[in-house]
């Protein structure tokens, strides 16, 4: 007799059959909502063109050689710093209007653009006129977040990212303690409720609090869903199922662009975006807990019922027995392993924390390297994006393309991960990104096409590393701390996204300083990645000892390894057929 590892359930039930396919598509669908809420603020806080208003009715407007009868006619073409808008009111007063100040002309003789007389500077006093040609109404217009209140609008995205950072850690830890599916249900419901509530926030501060909470639950779902689909799909398809979660996130970005183009009022825009994924709420309550989690928590009867249910849905007579998925242990009086284990309910379960990621020198080094990959993936992605996405033209098309361009990188990364391995895909991708950054610095700056090509190469490479690190992290850590590992990595990812804008600002010191920082870090971290163990074809680990042994000469498989394991699996399948009364093939 022999004992299978928990990973072998997919060789019996199927790596990606009907049950897993339905569950995967439903779970991944909600990742669209995460992409939506992460990028929704682009149009919510976009700064429109504006000038100070005047207390009286306007009859004539001058801007250079242009004339009009209202500010709305000339405001779309107004550019700050090129001169004021000059207006004349019905009462005969003349004003020179800027964005954050206005000047009243003293005793003007004629209504001309150039004026040599005296003016009296006046504050805007919260009276602004906005250009509605691009956006009809957003929170900047609604709450006057311009001039001395402009920093409030700029605080929106950093606050959201802070919520994402906290949510990744909090919900990642909770998912390891109370279960993956409970967190997915809770975070999905909260995404919907908070998303709609934001549309009815009556003040800026309520808006910010709700957005912060929305960021936490969105991040929580995104962290847990990667672990969830990883623990429900077999190793043969785990690469593309994990990588294509990112594709659903990218679809969310494209939904934001399309909705922003069609809906120009911010609260209607927010409601529509929140309703996009509401059908998920109708099915998420039927999601089961993962078999890996149930077995790790010693809930063997529930695990057995789930395995039997999956087997029936996939057209099999019965699923594997839980006893055959556990590590052999000595038993007394011929009692089964399952009975032996369930007979110990009083055993106190060890609580795991982030310190378990640093339990030994090997695990500490692995965790530092993994965190560094998460950080540079986010930092590099946003630095390349902020430097290349501002292409001019239609902003909605540009944002749509930003989401669409991510899809090929995930497809290429997915192909390479299953062909040459996780480590051999991640490390060269980071090294290539580093080389691309260095070439941008040393090659002539006047060759625009070459600079754009190198920038896109760097972004493409970083996106591959950023996409695969979710799955790689899942495979490097055991079930008992897997979600915590992904959550802490996502935390480092958010640190990178917060640091990225400040890195871009360093271009004022030296134009190539952002590329130098990203290039050096990407190249160094790419070299460190070569020290990580390869996980391609390896079963998911369940204990810290198994995880630590990855890549070592004495790699523990929780059972038989290599050819012996394959022979054991074949033996198990033959026994299963015999017990079902079916002839062998």
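Even glycines carry a Cβ here, placed using N, Cα and C.
The transmembrane segment annotation in TrEMBL falls on one of the ranges 1-20, 21-40, namely 21-40. Checking the ranges 122-141, 242-261, 302-321 against TrEMBL, the transmembrane segment annotation falls on 242-261.
Looking up the ranges 344-360, 429-445, 548-564 in TrEMBL, the one annotated as transmembrane segment turns out to be 429-445. Within its own chain, the transmembrane segment (267-288) is flanked in space by residues 23, 26-27, 29-30, 32-33, 36-37, 40, 43-44, 137, 181, 184-185, 188-189, 191-192, 195-196, 198-200, 255-256, 259-260, 306, 309, which lie at least six positions past its ends and keep a Cβ under 8 Å from the stretch.
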